[in-house]
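Marked as active site, proton donor by Swiss-Prot: E360. Per Swiss-Prot, the feature active site maps to H391, K516.
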Amino acid sequence: MASPALISETEAWKDLKAHVEDIKRTHLRELMGDTERCQSMMVEFDNIFLDYSRQQASPDTINKLYKLADAAHLKQKIDRMYNGDHINSTENRSVLHVALRAPRNSAICSDGKNVVPDVWNVLDKIKDFSERVRNGSWVGATGKELKDVIAVGIGGSFLGPLFVHTALQTDPEASKNARGRELRFLANVDPIDAARNISGLDPETTLVVVVSKTFTTAETMLNARTLREWISSALGPSAVAKHMVAVSTNLPLVEKFGIDPNNAFAFWDWVGGRYSVCSAVGVLPLSLQYGFAVVEKFLQGAHNIDQHFSSAPFEKNIPVLLGLLSVWNVSFLGYPARAILPYSQALEKLAPHIQQVSMESNGKGVSIDGLPLPFESGEIDFGEPGTNGQHSFYQLIHQGRVIPCDFIGVVKSQQPVYLKGEVVNNHDELMSNFFAQPDALAYGKTPEQLKKENVSEHLIPHKTFTGNRPSVSILLPTLDAYRIGQLLAIYEHRVAVQGFIWGINSFDQWGVELGKSLATQVRKQLHASRVKGESVEGFNFSTKTLLTRYLEATSDVPAAPSTLLPKI
C-alpha cells in the first residue's frame, strides 16, 4: 500500500487530532501536579537541561507524537540529510550544513564526493589569513594594522554571524581576544546603515569582508561598491586589494570588482544562507575578531549537537522533542506564534536569527510534492531577552493570545556582578524571573485566589490570569563559544524536524523571489524617470500614485550625480 501523500492523511495524525479534546479538558495546574509525568518530560544532554513539563501534553500525547514521527519517516529523513541526499528537491541540492562543523577526519558526501576536505581547506585558509591580520603581518595599503572589520551581507549572511558575535562579545576568553578590535555588519541597502557602519572608522585600518555566493546580490553589491568608494576616495583605487576580501564562489566577478581571487573564501551550493554561519560566511569575520581558536570551539559545539541529533533516541533527543512539540502547538492546538525568550542579554540577537531560520524554512503552503497543505504549518517567531520583554509584550502573553514560549537560561553568567548589601546578586535577580515566568504562565491566578487576597470585585476580571499557557525551559550551564554552537544547532535541527514532519521543503525560499523581481521593474522606472524624465507607467493605480509622489518629492536628486558618501 502506498504511503499517504500528506502527513495529515495518516492514522497517527488523525489520532492526535482526536486526542486534542482530551488535552483541552485538562489544565496545566492539574498536569503539573503529576510528578511522574513531569519527571518523564525532563531531558539532559551534556549538561543542557530541557524541561517540557509545562507543555499542554500528557505522556500519551508524547507517545502519539513519536508515532507521528514514525509515520513521517523522521529518522529516515534525518539520515538522508546526513547522507547528502538531495532533500532540497526544488533546487536539486544536498543539505549539508552539518559538514561545516565536522571534524577533519570525517566523511560526509554530496554527489559521491567527501566534502569535508574542502571544508577544512577553507577553514585552514581562514585560520592562516585571520592570524596574519590579527598579528599584523597582513596590513593595509599604508602599512597600518587592520583593526576594524565590516562584514557586508544580508539575510543569512548577516543574521547568524551577528547572533554569534553578539553572544561572544562578553565571553571572557573571546572579549580578551577581541581587545582593540571592532566588528560591524552592514546589511541594509538603506544608506543610513552604511553611514552608521563607517562612522568613526578609518579606511586605513578597516578591512571589508563582502559576503555573496554569486557576487550579484543587489543590496550586498551596492553596499560593497559604497565601501569600495569609501576606501578608494581615501587611499586610492589600488588600496582595494589590501582592504577588501570576499566570501564567494564567483571568482571572475570577485576579480572584476577589484578583489584578489586569492583572497576569496569559498562555500558551496549545499549550504543554505540561513544555515551558513558555520561556513566562511560566519567563520571569517568571527575569526578576525576573536581568533580562530575561539571560533573552532563554536564549531565543535555545533558538531556535538549534530551527533546527538543523528544518534539519540527520540525520547532523549532535544531537537526532535522541541520540533515535535512545535508541530503539536501549531498544527493541533492552533497556536501560530512562538516567543523566544533568552534570559541573557548576550543572546539578544538569537530571536532575529532563529526568526529567519524558522520562518524562511517552514513558511510554506505546499508539501514537498507541491500539494496544498490542509493544515497550519510554520511559526511566527519573535522574542527579546528577559527581563526586557517582561516590560514589553509579556502582557499579551499572560492575558491575551496564547503564545508558546521558549525560556532559555544560563546557570553561570559571562559577567558576574556582586554588590555588598543586596539581597541577591544581579544574575540571581535575572534568574528569579527566569524560574518564575513559566509557572506564572502555566498556573495563572484564579478569581478565587484574588478574592482571598481581598481584591476589589470590579478589578477581579482584570487581575485574573487564565494560565494553561505552554512553555519549555532550556538551561545551559555556561555561555561560551562551545555552548553558543550547541544552542545554534539545537534550533537549526528543531526547524528541520518540523519541516520533515509537515512534509515540506525547509531548505528553499522561493517566497523571497517575487518581491525582488517586482523591485527590478520599479528600479527601471526610477532610472527612466530620473534620467529621461519619463512618467510612471505600467503599474496599478496605487503603486503609480505612490511612485509619482516619491519622484516629485525627490526631484532635486540629480540625474547624473557625482559620488556622495554618507557622513555622520
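Yeah, the Cβs are placed from backbone N, Cα and C, and that goes for glycine too.
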Secondary structure of the residue listed as 'active site, proton donor' (DSSP, helix/strand/coil): helix
Helix, strand or coil at K516 (active site) [DSSP, three-state]: helix
In three-state DSSP terms, the structure that H391 (active site) belongs to: helix
Residue pair H391 (active site), K516 (active site) - Cα distance, angstrom, rounded: 37
Rounded Cα separation (Å) that holds between E360 (active site, proton donor) and K516 (active site): 15
Cβ atoms near H391 (active site) (within 10 Å, other residues, all chains): 10
Among E360, K516, which are active-site residues, the residue with the most C-beta atoms within 10 angstroms of its C-beta: E360
